[in-house]
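A.B. asks: Quick one: the structure is below, questions incoming.
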Amino acid sequence: MNKQFNFHFQSSKPLNINKTNEITISSKETKTIKKNNRKHYKQTFFDKLKMNKALSLAIPYFLVTIFLLVIPLVSIIVKSFVNNTDSTGATTNIVDNWSVITPTIGMKIFNSLWIAAVATIFCLIIGYPFAYFLSIGKSKFLKAIAIALITSPIWMSMLVKLIGIKTFFDVVNGEINSTHGHIFTILGLVYINLPLMILPIYTSLSTMPKNLVNASYDLGRGFFYTFFHIVIPYTKNALISGVWIVYLAAFTSVVVSNFLNNDNAGGLIGGEIFSQGQDGISSGVQLSRSSTITLVISLILLGIYLIIVVVPKIVQLIFYKRKNSKKGVKNDEQY
């Protein structure tokens, strides 16, 4: 019977094999084997570390995510389900924390949902064509000026921008504090968040190969077919990113509705969270209530994300698997 032995060591001395085909190793050779094995394992460990440099670069991201996302989220959940003591010394329970979810709060959440959706649609209607025609422009100087004008609202203070647009509306209407109604909130949200829609779409369009569009034209397709079947699918990820950034910024806006809409019932849910949080600095009850509202909003946004993004992908995957399984059955029947 042939026997094979693998050892991670190098030795110039021959092995001692007795009559029963057993290998006998001296103590010096045993130490040599152990040293060589340690070197081998050390080399393997450091080789793995070298291969995982990309993972090491992601460590700061994970730390930031833990400190700025995970810990605050856990704190919000805990605060929503703890007992507190009010200013009179009485103890409040969990039901008191969730009693803040009243029909008034529900109406503010509903208003925030549809106002943010309308503002996002307007930003998309204005921003996508602007980004497209800017990306196909040939003058680099005009592009630089356009990008500077687009990003200029980001450089300025939020309060300065709101004062400027409110003054503009008052001049147009001919009286002071003339901004009443949700329409002014929507216009303010579009004015502030439009750069957040344009920039990711423009970045994606500027990297799109021109031969894709030229090939579509060479095959006899027109502008609209090329735009809807080539350009938009290419920028799908940037489009989704821009829509989500604008929608989240508009949905959780605090200052815009309070500053531009002078109606008493015109506030959005972001302003309610801000007021509850201000009172929560000195009151544990108000802090728990603001955490409860934040938790409800987070669940609503998570549900919207699942319905719009995750569920369609799951349905698409199911149909894809069924289609492939049917093709496989047909191929088996043919053979």
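Backbone N, Cα and C atoms are what each Cβ position is placed from, and that goes for glycine too.
Keep in mind that this is a model prediction, so the values were computed, not measured.
Straight from TrEMBL, here's the annotation block:
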DOMAIN    109-308  domain 'ABC transmembrane type-1'
TRANSMEM  58-78  transmembrane segment
TRANSMEM  113-134  transmembrane segment
TRANSMEM  141-163  transmembrane segment
TRANSMEM  183-202  transmembrane segment
TRANSMEM  238-260  transmembrane segment
TRANSMEM  293-320  transmembrane segment
A.B. asks: Where else in the chain does the transmembrane segment (113-134) make close Cβ contacts, counting only residues six or more beyond its ends and a cut-off under 8 Å?
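C.D. replies: For the transmembrane segment (113-134), the sequence-distant neighbours (Cβ-Cβ under 8 Å, at least 6 residues beyond its ends) are 143, 146-147, 150, 182, 185-186, 189-190, 193-194, 196-198, 201-202, 205, 227, 231, 239, 242-243, 246-247, 250-251, 253, 257, 268, 300.
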A.B. asks: Run the contact check on the transmembrane segment (238-260) against the transmembrane segment (58-78): 3 or more C-beta pairs under 8 Å, excluding pairs closer than 6 in sequence.
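C.D. replies: As far as Cβ distances go (cut-off 8 Å, pairs 6 or more apart), the transmembrane segment (238-260) and the transmembrane segment (58-78) do not touch.
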A.B. asks: Mind checking which residues reach the transmembrane segment (183-202)? Cβ under 8 Å, same chain, six or more beyond either end.
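C.D. replies: Result: 115-116, 118-120, 122-124, 126-128, 130-132, 134-135, 147, 150-151, 153-154, 158, 161-162, 165, 169, 235, 238-239, 241-243, 245-246, 249-250, 253, 256-257, 259-261, 266, 268.
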